[in-house]
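Enquirer: Pasting a structure here, questions to come.
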Amino acid sequence: MFKSGFVTIIGRPNVGKSTLINTIIGEKLSIVSCRPQTTRNNIHAILTKDNYQIIFVDTPGIHKPRHKLGEYMVKSAQEAKREVDLVMFMTTPEEEIGKGDEMILEGLKNSEKPVFLVINKIDENNPEIVAKALEAYSKYMDFAEIIPISAKRKKNINTLQELMAKYMPEGPKYYPDDMITDQQERFVISEIIREKSLKLLSQEVPHGIAVEIISMKKNQIGTYHIDANILCEKDTHKGIIIGKGGRMLKKISTYSRQDMEKFLDAKVNLKIWVKVKKEWRDSKFMLKELGYRE
Ligand SMILES: Nc1nc2c(ncn2[C@@H]2O[C@H](COP(=O)(O)OP(=O)(O)OP(=O)(O)O)[C@@H](O)[C@H]2O)c(=O)[nH]1
Ligand SMILES: [Mg+2]
């Protein structure tokens, strides 16, 4: 019997949802950074084994939105819950349940779908705190399964995978064996630039960044020519992104190109410009333009 289904990961920002997806798939599909609110869209990743296929939906961290982009992000995450066969609620070891988690759990309490409790980052927390967290959270509601893991250090990932497979219904192979995402190439390319920006830039700049792919063409010998804009919210931010003598932009560009070449398996010629679009995160029009649409 072949099993298949959809699984989503829901949780606060920065708990490691995207890291887990990448660990399971074995490739960097969903961008990861040490900053909260990294993921902005629901990202699909496909895992195919001999006897099952799971389609994962990585979601933006649930938080109190402060602009329209935030509202879009939280809505995306909330919607994912409804369309799946299994929900993984991810958190980190805390002795007490915080306000953010309480709000998310409230929305999961009466879920018709099974909900797993996944406690991540056990590698950087002592076992006592992990045990306390397991106790506190499992008291809060009835979870179908409870699994402490480390997405980064790959601890308990196989166990988690086997448990997920157990809960999948009988179903077809939705996607071919070698397909790991249904994300458009352009989207992945723009996310690579956003990830490098998040990594390299400091302070408040990265949160106000969006990436727009202006053109993407492949020439006869297979080289990609990619033109992109980095949008930011202030002139001062533009200066920081470009850096002294253009050094920061060069760095972002070089690291992005390296990842793109790996992803596209081809040579890439990349040009990036920086543009200021004031308050784009609150502009319905701009959000739509940038693909943050319902
Ligand atoms: N020590 C440790 N760090 C981890 C682990 N998993 C993820 N991280 C780190 O936690 C940070 C956030 O990881 P992400 O995967 O981007 O978190 P996320 O939940 O997707 O965050 P948002 O997209 O902002 O909601 C990164 O710096 C990761 O390297 C883990 O198992 N152990
Ligand atoms: Mg994420």
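Backbone N, Cα and C atoms are what each Cβ position is placed from, and that goes for glycine too.
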Enquirer: Name the residue range among 11-18, 107-114 that TrEMBL annotates as region 'G1'.
Expert: 11-18
Enquirer: Same-chain Cβ contacts of the region 'G4' (120-123) under 8 Å, 6 or more residues past its ends?
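Expert: Non-local partners: 15-16, 19-20, 90-93, 130, 148-153, 155-156.
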Enquirer: On the DSSP side of things, how many residues of the region 'G3' (58-61) fall into helix, strand and coil, could you say?
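Expert: Per-class counts: 0 helix, 1 strand, 3 coil.
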Enquirer: I want to verify one value. Collapsing DSSP to three states, which class is G11 (GTP binding site)?
Expert: strand
